[in-house]
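Undergrad: One structure follows; several queries about it will come next.
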Amino acid sequence: MKAVLFDLDGVITDTAKYHFEAWRAISKTLDIEVNEDLNERLKGVSREESLNRILLSANKEDMYTKEEKDKLCKAKNDVYIELINSLTPKDILPGIEAFIKELKKNNIKLGIASASKNAPRILEALGIKDEFDCIVNPSLVSRGKPSPDIFIEGCRMLNVDSKDCIGIEDSYSGIKAINSANMISIGVGKSDILKDCNYIVDNTELLDYKLLHKIWSEQEKRKLG
């Protein structure tokens, strides 16, 4: 194990609720309801893909031009940024700060592989931006999650092979992306959503270096047969 790539929303901090609030506000102007079930399908994907899924849920995917969709995405992001401006280091999820320090102490490279274009701003507000060796810009990859591109790019930026890297996610699309990148996947949250990952923890407090090393060792033994 040489590196760990983290998703941001739901793994480092809980900004998922702000995405939910922002999409609900924008969707209301379109006479579309974004409920909890639909919101689950928006996790881990790009802003543009999220809007497409919202419009598709109401059979309105062909009612808006690309220019109109771009304006809606910008409006959503404006609402979202207003909401995340209140973030502080207190909003880091339980156990994550200690987990990051533990990984760095063991010379593990760290990266962020988030679909959010606001990742640098959020990490800055949380006071942990400098802890990461790379933050993948989702605009620079041709395909978003569940395609593996963002994790493959993260491995490239960290100069490690994907087989030497662990990915941590809280969404179905994110876990699928990690698996497709030939990495070990750890899911945080509901087991029914994350059933395809290599290992699941109920919450971030359960993440530590010893656990990752154990998971890594077990996977290596399986490869050897």
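Placed from the backbone N, Cα and C atoms, the Cβ positions cover glycine too.
Caution: TrEMBL annotation is automatic and unverified by curators.
Residues annotated as active site, nucleophile in TrEMBL: ASP7. The feature active site, proton donor/acceptor is assigned by TrEMBL to ASP9. The Mg(2+) binding site annotation in TrEMBL covers ASP7, ASP9, GLU169, ASP170. Summarising the annotation, TrEMBL assigns substrate binding site to 7-9, TRP23, 42-47, SER50, LYS76, 114-118, LYS145.
Describe the structural surroundings of these features, if you would.
TA: Within the same chain, residues at least six positions away from ASP7 (active site, nucleophile) with a Cβ under 8 Å of its Cβ are GLY44, ILE112, ALA113, SER114, GLY167, ILE168, GLU169, ASP170, SER171, GLY174. Secondary structure at ASP7 (active site, nucleophile), as computed by DSSP, is coil.
A sphere of 10 angstroms centred on the C-beta of ASP9 (active site, proton donor/acceptor) encloses 24 other C-beta atoms.
Using a 10 Å radius centred on the Cβ of ARG47 (substrate binding site) and all shown protein chains, the other Cβ atoms total 25.
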Undergrad: Quick check: with ASP7, ASP9, GLU169, ASP170 left out, which same-chain residues have Cβ atoms within 8 Å of the centroid of the Mg(2+) site Cβ atoms?
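TA: Output for this site, in sequence order: PHE6, LEU8, GLY10, VAL11, LYS43, GLY44, SER114, ILE168, SER171, GLY174, VAL188.
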Undergrad: Within 10 Å of the Cβ of GLY44 (substrate binding site), how many other Cβ atoms can be counted across all chains shown?
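TA: Looking across every protein chain shown, the total is 29.
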Undergrad: Among all the protein chains here, how many other CB atoms are within 10 A of the CB of GLU169 (Mg(2+) binding site)?
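TA: Other Cβ atoms found within 10 Å: 31.
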Undergrad: Can you grab the distance from LYS117 (substrate binding site) over to ASP9 (active site, proton donor/acceptor)? Cα atoms, rounded to a whole Å.
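TA: That comes out at 12 Å between the alpha carbons.
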